[in-house]
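Participant: Here's a structure for you.
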Ligand SMILES: Cc1cc2nc3c(=O)[nH]c(=O)nc-3n(C[C@H](O)[C@H](O)[C@H](O)COP(=O)(O)OP(=O)(O)OC[C@H]3O[C@@H](n4cnc5c(N)ncnc54)[C@H](O)[C@@H]3O)c2cc1C
Ligand SMILES: Cc1cc2nc3c(=O)[nH]c(=O)nc-3n(C[C@H](O)[C@H](O)[C@H](O)COP(=O)(O)OP(=O)(O)OC[C@H]3O[C@@H](n4cnc5c(N)ncnc54)[C@H](O)[C@@H]3O)c2cc1C
Ligand SMILES: Cc1cc2nc3c(=O)[nH]c(=O)nc-3n(C[C@H](O)[C@H](O)[C@H](O)COP(=O)(O)O)c2cc1C
Ligand SMILES: Cc1cc2nc3c(=O)[nH]c(=O)nc-3n(C[C@H](O)[C@H](O)[C@H](O)COP(=O)(O)O)c2cc1C
Ligand code: FES
Ligand code: FES
């Protein structure tokens, strides 16, 4: 059940350059049913910026009715969001969408979690849940440069963690795809920029792969048709899925990316 | 010299129902040259609400580089303003306009200060300055109802203070004009709703009277011609004064109200 | 509440608040949030003869106090709307206004004839003003004679009253309104979106794949109000007003301008509860302002007693 | 800075940033804040033959991310502008673009002939699009043939290049642009304000004494960009773009759309330093985006190399 809730900010801190970790209290954490779901945030009371911002849930603490998001301060909305402090209130719609299917991999099997930049956060909760199930987890996380790297320590707690940077300033120089070639796995979960998702989908068409997509959104709940993508397994050309309500996570091959 | 300054809020408190007293620190307090000048405040960083809000300076503390405003929380802008707390920053343009001429009354003479509702605040600094000069000051302050009354004690420190309320819930029932009929004075200074100003201007056409006007503003500095009023002492019908830069204080009879 | 009911051709509205076409799908999503029977009516997404995928993405871009969209009339097509969506909606006690779109006159006629037979469709909204379809659409909405004729032809086949949705992208909105009134329209809905654009700072290219899109939201409210103000004084058919509404206060403002009911579009995306919230807040706002019934507000901007015969239920 | 200079008919601009007409008076007020010689040019307040008081107040009303104004072309009249304002402005090293308004064709001609003789007036801006004057004005701006002829007549008497200011309140902006180009316009300025309205919640009456007013500010930016995008591809004269600009990023967006220079209006009221701030920020923004000269940005939305002959100084 999707809720609209005025949530209290518990804490916010900058964990890498322009990368903020935001922790809020919300009754709807009980409704979160899979890693990779997201929320839709209204960052201002006034009418500019107007639209909500979609941000993934990066970890959930059901006991304390809290959840965490990690986002990059980029444009107008996230800049305003970054200015908020503990105790302030935030109008949040969530949880939204369908997350990563944790049951597609069994205890003892290996899951490869591949994240690019600001696509990394939702993999954290996924890693926690897979590990709890007894799945072996390997993380490959790509960033632009050293100052953008975050959560390496946190991921290391759950499994091997490879970091790549485009400029080689940290970890291995290059792209995540360079690293994952060498790794073996039963199931791959990924979230990040579209070119990365495309490359992975192509490389592993024979494997079990789940991708989390991004698309510009209006409503975030399936009503406005802003975020559609074509399905690839149909013969006609009018079939579609909505990233916000059918996704954001799809099985590789399910939709055209 | 008008300055645009990012000012720190020192304190804000609700002193009557929906009436807020806001205290800020600003270098430009040194530029304030008369009671009745105002500032133009940008209440949001984002573009809604877009325009600045004009608010009078109600008292000045040059030693601490601070000044105080008193405003009513009414629409969009003042509602956002009322949410701000100590330490937060506010983009203020000021000081603007021409205030009450303190030199129009001499030590030993009597000044009558007549305020209506949210027109009361600028009279406070005026009262302070007149008293300091040795002028005898009498205040007549009109409000809607008891819960809207503010600053009675503060004004009492400087001189006799009559309060009226429209519904009679506090002080004398009725309008300020009912009270001032009974009082004697050498010079009258007033700020408040237009009908009140009109009544006073008419009643005391033979006296020395200064009125502070309100008009919807764009720029606040004289450039946009939003706030003009016709001058009354000219034969043509294109002569005008700008409330923001020629006023807000005018000598009675100077402009058509 | 008997203070909010409004009677319009074909529409017995318990209140004058309805979601605008394209901003509420076919109701399923928002039914997760509240009981759709609370609404005065629902304007469903534009329906065309054939299913349409619409435009490539990105389809939306934000602007100051507004948004651009270029959905491109994505919809499952007449058949599915009639067989799936309308029957699903019939579980709610709410009249449906079916938004009818097409590229050719025949398309409009086919959709209108068919969809107006559905028992819960109480009126049609002729979308002659969608800025996001390449053929037809926009021309229907900018040439008075073409609009008049289309209205007349659709009226001939429709089993329910026909409202025509006007485009604000014209020099003379009054002329357009009069033309469709003359063509037999039972009412007007206005305004559709203003054509606008945003460019991507990095690439220099339009953000929307369709390049241009329709501007909606609070940014366009002053334009909507002005047009309703002008048109309501010039025609004798009622207007369902829309364009940037997001609060009860704004509903009243639209009534003052001359609207007899209103639709809420973009604001649903900002607050999924916006429609029921407005409906709840209206009675106390009427109290504050001193009106017994919302219909008393209509046309106050241009007349003392803005109440016309078709108004009160 | 040689990265910002732009050469347009009559105008040798050290940078492409200028305050828009009506939002900067005749410069005196903003000269308290900074040295006006920093500006690329100044578009002064509309000048008419006779002094005008303009409309009654209230003359402005706020809207979401925008404002309505109905100043009504208040100005001291041709004689005083020529004898007081222009000489005062001549102390600054900045070209003046004189905004010319009137009710009749003869008014425009009289103002144009006279004001174009002033040594610091480097171009005229023919205001055929002011929505706030009752006679003339608006019609000039919506009928192509009328606009063409007015442009031609003014060109005959003007001693400096003539830019025509287009109204966005038309069905077909390209047709208007082509008409004035055909009439001999040396350039276009666009857009003027959209006609809009706000109602007072308590009284039900329009907030503006003039009832309707012109909508400006960030709210209209998407409409301005779309129109500049369309027009810049259809004409061979340069466009000075305006409508909601308040940052260096938006200047680039207007260039991408097809503008060759820009004007900043409403934003001056929000931040009196907006023009010099933008001018200061542009070079580093060009660095970030990888452009050597701002002219490289022009028309990127519709062509690979948006650089036309008249562009680079
Ligand atoms: C399902 C989903 C999950 C996401 N999770 C995260 C996350 O966990 N952390 C994070 O940093 N970012 C995440 N994003 C991207 C994030 O939504 C954008 O970075 C953010 O909306 C940018 O807003 P802004 O105000 O900074 O930028 P602006 O440029 O001011 O935004 C303008 C408009 O474009 C939209 N927009 C801009 N960039 C994007 C984008 N990349 N994707 C979708 N809409 C965009 C905005 O929402 C807004 O409507 C996610 C996006 C989606 C769709
Ligand atoms: C010279 C001057 C001094 C003032 N001093 C004070 C003061 O000391 N304390 C105080 O409470 N109020 C004062 N006011 C009135 C104050 O400016 C308005 O109450 C305030 O702008 C309302 O803003 P809002 O966002 O609450 O209302 P909204 O309705 O959201 O405002 C919408 C627009 O209308 C304008 N507006 C609305 N009401 C007024 C008004 N009465 N006068 C001018 N513009 C208005 C706003 O500035 C804004 O542009 C003063 C006005 C002027 C002109
Ligand atoms: C995403 C989106 C899709 C829309 N689709 C349609 C549509 O299919 N048919 C139609 O007539 N109007 C459509 N509109 C226009 C709205 O119905 C409405 O006229 C307009 O958005 C102005 O109202 P608003 O400012 O409240 O959104 C759409 C608007 C949006 C934002
Ligand atoms: C208060 C005000 C007065 C204006 N006066 C004039 C004018 O005299 N002549 C004119 O051509 N345009 C006038 N305009 C229009 C502006 O020059 C500009 O075209 C419009 O405001 C859009 O730009 P902006 O959004 O940056 O303000 C005026 C605009 C405002 C807000
Ligand atoms: S964002 Fe509206 S349908 Fe997905
Ligand atoms: S507010 Fe602009 S001239 Fe006074």
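For all residues, glycine too, the Cβ spot is worked out from N, Cα and C.
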Participant: Besides D:69, D:70, D:71, D:72, D:73, D:127, D:192, D:193, which of D:45, D:155, D:221 does TrEMBL list for that substrate site?
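Facilitator: For the substrate site that includes D:69, D:70, D:71, D:72, D:73, D:127, D:192, D:193, TrEMBL also lists D:45.
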Participant: Name the residue, out of D:143, D:191, that TrEMBL lists for the same FMN site as D:21, D:45, D:46, D:99, D:127, D:165, D:217, D:243, D:244, D:265, D:266, please.
Facilitator: D:191
Participant: Could you state, as a whole number of Å, the largest distance between Cα atoms of any two of D:45, D:69, D:70, D:71, D:72, D:73, D:127, D:192, D:193, the listed substrate binders?
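Facilitator: Of all Cα pairs among the recorded substrate binders, the widest measures 16 Å.
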Participant: For the binding-site residues D:46, D:70, D:243, which residues show a Cβ-Cβ distance under 8 Å to chain C?
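Facilitator: So none of them sit by chain C.
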Participant: Max Cα-Cα distance in Å among D:21, D:45, D:46, D:99, D:127, D:165, D:191, D:217, D:243, D:244, D:265, D:266, the residues listed as binding FMN?
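Facilitator: Answer in Å: the longest Cα-Cα distance is 19.
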Participant: Taking the Cβ of residue D:127 (FMN binding site) as the centre, how many other Cβ atoms fall within a 10 Å radius?
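Facilitator: Around the Cβ of residue D:127 (FMN binding site), 29 other Cβ atoms lie within 10 Å.
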Participant: For residue D:243 (FMN binding site), which of the listed binding-site residues (D:45, D:70, D:72, D:193) have their CA atom within 10 A of its CA?
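Facilitator: So the list reads D:193.
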Participant: Report, as a single number, how many Cβ atoms besides its own are within 10 Å of the Cβ of residue D:72 (substrate binding site).
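Facilitator: Here the count is 21.
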Participant: Indicate the candidate from D:243, D:265 with the smallest number of other Cβ atoms within 10 Å of its Cβ, considering only these binding-site residues.
Facilitator: D:265
Participant: What is the total of other Cβ atoms whose distance to the Cβ of residue D:21 (FMN binding site) is within 10 Å?
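Facilitator: I count 27 other Cβ atoms within 10 Å of it.
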Participant: Roughly how many Å lie between the Cα atoms of residue D:46 (FMN binding site) and residue D:72 (substrate binding site), rounded to a whole value?
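Facilitator: Between the Cα atoms of residue D:46 (FMN binding site) and residue D:72 (substrate binding site), the distance comes to 10 Å.
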Participant: Counting across all protein chains shown, how many other Cβ atoms sit within 10 Å of the Cβ of residue D:46 (FMN binding site)?
Facilitator: 26
Participant: Mean pLDDT, the domain 'Dihydroorotate dehydrogenase catalytic' (D:4-286)?
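Facilitator: Averaged over the domain 'Dihydroorotate dehydrogenase catalytic' (D:4-286), the predicted model reaches a pLDDT of 95.
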Participant: Taking only the binding-site residues D:21, D:45, D:72, D:243, which have a CB closer than 6 angstroms to any atom that belongs to ligand 4?
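Facilitator: Among the binding-site residues listed, those whose Cβ sits under 6 Å from ligand 4 are D:21, D:45, D:243.
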